[in-house]
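Right, one structure below, let's go through it.
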């Protein structure tokens, strides 16, 4: 099964003909993703040859959907055009838009997440690595060869590289799906959304939740786990040594006062019965011992 | 990017929000002249990007231009919570009849902005919200609608603010949207004895991601008091100096923060946060290493890279380049995993620098770097 993305997903790439779009479309195809088209109004009607597949380029998302039946889009377009690209995808009835683009203005994210929600389009991101359902499909930039085999763990994370680290440590067990939701202040899909989907997914036995300082998404997720999740959840939080009130790379990772600190997040998760690892490796060990029981 | 009070005041003024007469100056002599122009009496306000400056003695009244000069001289030597005062605002005093609080702030969980308003302004709003939550109105703003005249009246009414504040609430929303701000706050918004509404003090945080369409912002006015942070900013590297002994370089904010935590868990203190970002080149890696080694407090350096998009051989090439240009005097522990890790490790093994050692796991690498720093301290 997996969540949000399966072997049946028909994937569009908005911004496919750009350098990043080309590189990652090739990787997505190699991971088994059914990439059915690219979108670029200036290159409509052409096609792009990848290793063993020719992918057509459409002028609009609507045209691509009508022709191919695409239900997922991966957005690589630059930040100044990201809002318009997502709104176009939502208008065309796309079910899932994975927004990889980094540097999207927050006011744009507020506008397009509200717009998409009203039209039933799920957004993942922006500023995220996307999601992968190993052995089925890969929508985004998570390197599929870190953990190529499907497995029993569902993973949801704010951080890209911590996703990779944990996938690497647990590659022998494997993942049903791994979702990088992004660390921006406003994102389309939360930890809670993924927890709910993993709870409902019969292939997922255990959930790994990775968070970091800033905001209160992890605290909310903790409450949700205690009320709604029956499957075991193991968490890891980064940022215990982050200095107060200073930004560490992510727009979302801002600590001010006591709320949003790593300590507060760990306390909330532990109070909800979630085991929290103190390092990524210890987190992997906790997952292992739980699954071995 | 946080703005100084005087910059927030300018934006308020541009959007038609009334503010008190004021001038911002860099010297005590200029403060005296400004006080003279403002009619003699003045309030001298330190310009720093941190809260609590009033309690720290950074805001003081002056009875005449001579007092303004004296007070400004004193405030211009202050350091408030690590922020040196380079400028003071000289403002005309206002006779206050009522003070309130208004802001628009992002509700991350809901994904939209909230109007936050209270009739109890002039003090710490977090304190008010914690002790008397009913005194603070929190009203969501529909992103599609914004703050209309009706909405502004609703917000004012919900918080018990004077109806005359509604136009300010509407214009403040204009500031938020037109300037791509993440936070606009007026505290206090006052009614004077004459019945005028004035924004007495304000905070604005702009969204750095919107810089491409906000050309008039110019460069970040933040002065980096730390020379290494200034050098890093010049090279476009995300670097924050801390005060420990283990220099840390990694890729991705999450992994770097995690590396700091793991090093701290091994009984050593991180000297910095440095994120080389995704897909970093050898040049970026070489710059990063030079930067971290330039910190005299650093006793060992840990490079922790998990190559997703980043290629570990490029990282290794960068380390080798840096070794050729910077004289390495401190031990360097490198952990490379993921994309092209085998090639990266081979490049470092071939270079065989006596001070460079490789580790196979993140925890092992952190342990080695922490031990090396602690050993160096014990010598």
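Including glycine, each Cβ sits where the backbone N, Cα and C put it.
In TrEMBL, the CoA site is described by A:17, A:18, A:19, A:20, A:100, A:101, A:102, and among A:7, A:10, A:43, A:117 the residue recorded at this site is A:43.
The domain 'CoA-binding' (A:4-104): residue composition by secondary structure is 36 helix, 27 strand, 38 coil, according to DSSP.
Between the C-alpha atoms of residue A:101 (CoA binding site) and residue A:164 (substrate binding site), the distance comes to 18 Å. Checking the binding-site residues A:18, A:19, A:100, A:164 against chain B with a Cβ-Cβ cut-off of under 8 Å leaves A:164. The Cα atom of residue A:164 (substrate binding site) lies nearest to that of A:100, taking the binding-site residues A:17, A:18, A:100, A:102 as the candidates. Each of the binding-site residues A:20, A:102 was scored by the number of other CB atoms within 10 A of its CB, and the lowest score belongs to A:20.
Local packing around the binding-site residues A:17, A:101 was summarised as the count of other Cβ atoms within 10 Å of each Cβ; on this measure the leading residue is A:101. In this entry, A:17, A:18, A:19, A:20, A:43, A:100, A:101, A:102 make up the residues listed for CoA, with the farthest two CA atoms of the set 24 Å from each other.
Of all the binding-site residues listed here (A:18, A:19), it is A:19 whose C-beta has the fewest other C-beta atoms within 10 angstroms.
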